[in-house]
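Trainee: Attaching a single structure in structure tokens format; questions to follow.
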Amino acid sequence: MFKRFKKKVNKPNEKETLNLHNIPEHIAIIMDGNGRWAKQRKMPRIKGHYEGMQTIKKVTRAAHQLNVKYLTLYAFSTENWSRPNEEVNYIMGLPVNFLNSFLPELIEKNVRVETIGFTDQLPEKTIQAIETAKSQTAQNDGLTLIFAINYGGRAEIINSVRHLIQDARENADFSIDTIDESLFESYLMTANYPDPELLIRTSGEQRLSNFLIWQLSYSEFIFYKKLWPDFEETDLIECIKTYQLRQRRFGGL
Ligand code: FPP
């Protein structure tokens, strides 16, 4: 008989309990592995993205329940336009689908929807869905759910430099000595958020892929084996426990 056993991947902390007093204020996630998830099931890649969207709902609920203050999700990078048209079009429709089905729950849970990225370059239907969600949740002050859409860290930095120089040119009193980290950060798309304490990337890949390259300078990185559509609330808790162990060791030194 073929003996089945459950492989323990990424579950080193099962016996640890979650410390509710040390939940990261800001968690950033690179949602990777949708295509591989679909391929493993001999399904089209877009099915993986659809399931990935369902995972976003689960993770948002979990983050809300854990009192996470900011959750930033890498939904579409400035490099993702090079994918086949059919896939790009499908991904661009997902915010519409997501918000049609989930906006009432986001409102009920006091979640504020925001975006970072060059959203003005998105298709009109995507912009409309996002703008509606932003305006209908603008007064909420629970979890802030930030979608990075058409976002790239290098492009963000170049964009910030351009704006900073423009402001400097328009202000005769401007002195370059006033340029410091805090001033520069005020030009980033993330100016209103603290830096993430924790970055999670699913699917086992160990890269930043141009995501929040300035903001993640001091963050803890967790590269998690599971593919994004398989990621669940318990996996988020697992990641936070790993983060808490790292914090504790650091504090003990
Ligand atoms: C990475 O997996 C995933 C993406 C590039 C797209 C992620 C988008 C969503 C989950 C939906 C966005 C929805 C909303 C509501 C904004 P991959 O395709 O690179 O996977 P692979 O590496 O296995 O091919």
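Glycine residues also receive a Cβ, built from the backbone N, Cα and C atoms like all the rest.
Feature annotation from TrEMBL assigns active site to Asp32. Residues or ranges marked as active site, proton acceptor in TrEMBL: Asn80. Taken from TrEMBL, the feature Mg(2+) binding site covers Asp32, Glu220. Look at TrEMBL and you will find 33-37, Arg45, His49, 77-79, Trp81, Arg83, Arg201, 207-209 tagged as substrate binding site.
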Trainee: When the number of other CB atoms within 10 A of each residue's CB is tallied over all shown chains, which of the recorded positions Asp32, Gly33, Gly35, Asn80, Glu220 has the maximum?
Mentor: Gly33
Trainee: Provide the three-state secondary structure of Trp37 (substrate binding site) computed with DSSP.
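Mentor: Its secondary structure by DSSP: helix.
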Trainee: Quick one: of the binding-site residues Gly35, Thr78, Arg201, flag those whose CB is under 6 Å from ligand 1, and say none if nothing qualifies.
Mentor: Gly35
Trainee: Where Gly35 (substrate binding site) and Glu220 (Mg(2+) binding site) are concerned, what is their Cα separation in Å, rounded?
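Mentor: Distance (Cα to Cα, whole Å): 26 Å.
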Trainee: Determine, using Cα-Cα distances only, which of these recorded positions is closest to the residue listed as 'active site': His49, Thr78, Asn80, Trp81, Arg201.
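Mentor: Smallest Cα separation from the residue listed as 'active site' among His49, Thr78, Asn80, Trp81, Arg201: Arg201.
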Trainee: If one measures from the C-alpha of Leu208 (substrate binding site) to the C-alpha of Asn80 (active site, proton acceptor), what distance in angstrom results, rounded to a whole number?
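Mentor: Approximately 14 Å lies between the Cα of Leu208 (substrate binding site) and that of Asn80 (active site, proton acceptor).
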Trainee: Given the binding-site residues Gly33, Trp37, Thr78, Trp81, find the one whose Cα is closest in space to the Cα of Glu220 (Mg(2+) binding site).
Mentor: Gly33
Trainee: 10 Å Cβ neighbour count around His49 (substrate binding site)?
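Mentor: Total other Cβ atoms inside 10 Å, all chains included: 22.
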Trainee: Tell me the coarse DSSP state (helix, strand, coil) of the residue listed as 'active site'.
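Mentor: DSSP assigns the residue listed as 'active site' to coil.
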Trainee: Relative to the Cα of the residue listed as 'active site, proton acceptor', which of the binding-site residues Gly33, Trp37, Arg201 has the closest Cα?
Mentor: Gly33
Trainee: Through the lens of DSSP with three states only, how would you label Trp81 (substrate binding site)?
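Mentor: Going by the DSSP assignment, Trp81 (substrate binding site) falls within a helical segment, counted as helix.
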Trainee: According to DSSP, which of helix, strand or coil covers His49 (substrate binding site)?
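Mentor: SS state of His49 (substrate binding site) = helix.
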Trainee: List every residue in the same chain as Arg201 (substrate binding site), at least 6 positions away in sequence, whose Cβ is under 8 Å from its Cβ.
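Mentor: Within the chain, Arg201 (substrate binding site) has Cβ neighbours under 8 Å at Ile29, Ile30, Asp32, Arg207, Phe221, Ile222, Phe223, Tyr224.
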